[in-house]
Amino acid sequence: MTKAYNIIHHKFDVVVVGAGGAGLRSAFGMAKEGLNTACITKIFPTRSHTVAAQGGISAALGNMGEDDWRWHMYDTVKGSDWLGDQDAIEYMCKNAPDAILELEHYGVPFSRTVDGKIYQRPFGGMTTEYGKGKAAQRTCAAADRTGHAILHTLYQQSLKHKVQFFIEYFAIDLLMEDGECRGVVAWNLDDGSLHCFRAHNVVLATGGYGRAYFSATSAHTCTGDGGGMVIRAGLPLQDMEFVQFHPTGIYSAGCLITEGARGEGGYLVNANGERFMERYAPAAKDLASRDVVSRAMTIEIREGRGVGEHKDHVFLHLNHLSPEILHRRLPGISETAKIFAGVDVTKDPIPVLPTVHYNMGGIPTNYQGQVIIKDGKNHNSIVNGIMAIGEAACVSVHGANRLGSNSLLDLVVFGRSSALKAAELIKPASPHKPLQKETLEKIINRFDKVRYANGNILVADLRLKMQRTMQSHVSVFRTQKLLDEGVGMISEIRNRYKDIKINDKSLIWNSDLVEALELDNLLDQALVTVCSAAARKESRGAHAREDYPDRNDRDWIKHTLSSIDDSGKVVLDYKPVTLTTLTDAISAIPPVKRVY
């Protein structure tokens, strides 16, 4: 089959797949360390989804009041509902201030205080004094376009350090032999050629799989391509049942309104004009963690206190803030609300609804980015030749629920740590192990089979069935009945993938084929998500079970590992959460009842 395709071979020290914040920070970090580095991306780097991150990036700088990285760690552990690994959380929070200063030195145009310091705003779940003090102003912001500012800066650094980019290349599958990764195969959308990239290390920075749902803040490119490749390689994914619903997606459009809007003083109201969050989170109110706010909004709507003709959303008020503050600190969402909701935020409230936003689960890694698996009694056995970072990975610093502004921090901290580890492991220009012909042949055969699929179902129709099923059956609130139905429905939809029809057989800019390959990735991750959720019989973080409303620390402080066997059956396993810290700089944080 390989003879039927124009295959171009490359050899690099490292290949990064994905050019968002994590991928770019990793790529130029590796190039800076002297490694011959390639970066494969299916879209132009500055169109990666990091560009849509609005509110900011967290670090205990203390510019707007006293702060400490230990308080940041406490908030992150609590936010994770004690499913986050405390060694990785310590590493992230301790390294956060240096990561911000590094970004500033690279040229990120952060907003400033009157005395020239980096401006920091309050964000949900961020406190002082280990949760006993006032709200922390910890989120460093570049107005409400922080991701845009960071992504462009990291791309400039990547060009400076001569990362070799392969832009508009679609990653098809990993080259796996003897339980280790030897490279990746990609398809050049512009000329139709296939490329075999040999590498001592492949770094997956491919983002989340938000597009498995019908309504999501994610770009249409967020199809979890890294997770799909990992599942097909026979490796597990971790904690896939934990899907974050952001409280404030614009009603009907799904576009994000940053949590920074509430950080600047915005508040939610129901049909009675009541600030209902005061009932659900008396201390934090509208700045409780995202899972808490999304559940509160859903309850208000269910109980008939929603707004609008169908009483199916709530209002976010910013119109009490001065136009000068809105213009200076929230210019992007003012524009977004005007375009997608027809609202002038200086005069009227924004209609909002909880919307799928982030995947806490992903490819299991350690805090140095290395992919790990459970091997007998060793729960953290390293898979050679492969790393994962960013939303594609599950380190796990976010556990069952991510705090807002910890995601951009995750990207730059673990992007950097993966680069340092790769430099430690790889000698530049060292020879590659030989690759068996069958390894490449297997990947080409799968690609060819999808390309020439001539069944009866259009990719768009099957994708819509998956998205609607996930939206209705694996949502903010869950029950065994709904989840079991969801398992059956997603399994059936996945089985029907073999009956898809590809009308366009060409290799140049074939969007039909791209979407078919993306759907394959989405379906596998949708299936392990719903199966993992059906098995976890407790409520923790973003996984809220109406039939199991309480957190069960005795049985469920453990990570879910999910894989798909050759017969298409989901296999679930579990491993302990790391409840010990990395160093003696802070004591472990024991589980307590999580209230805001």
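Cβ atoms are placed via backbone N, Cα and C, with glycine included.
Annotation source Swiss-Prot lists FAD binding site at 18-23, 41-56, D225, E391, 407-408, citing similarity to another entry. What Swiss-Prot records for H49 is tele-8alpha-FAD histidine. What Swiss-Prot lists as substrate binding site is H246, T258, H357, R402. For R290, the entry in Swiss-Prot reads active site, proton acceptor.
Spacing of T258 (substrate binding site) relative to A22 (FAD binding site) is 20 Å (Cα to Cα, whole number). Taking a C-beta cut-off of under 8 Å and a sequence gap of six or more, G18 (FAD binding site) has these contacts in its own chain: C39, I40, T41, S48, L204, A205, T206, G207, G226, G390, A392. A Cβ within 8 Å of the Cβ centre of H246, T258, H357, R402, the residues given for substrate, is found for these other residues of the same chain: T217, Q244, P247, L256, E259, R290, Y358, G404, S407.
In the three-state DSSP scheme, A22 (FAD binding site) is classed as helix. Residues H246, T258, H357, R402, recorded as contacting substrate, have a largest CA-CA distance of 14 Å. Nearest Cα neighbour of A22 (FAD binding site) among the listed recorded positions (H49, R290, H357): H49. Ranked by Cβ neighbours within 10 A across all protein chains shown, the recorded positions R47, H49, R290 are led by R290. If you take the C-beta of H246 (substrate binding site) and look for same-chain residues 6 or more apart in sequence within under 8 angstroms, you find T217, L256, E259, R290, S294, P354, T355, V356, H357, Y358. For the recorded site, R47 (FAD binding site), the DSSP three-state label reads helix.
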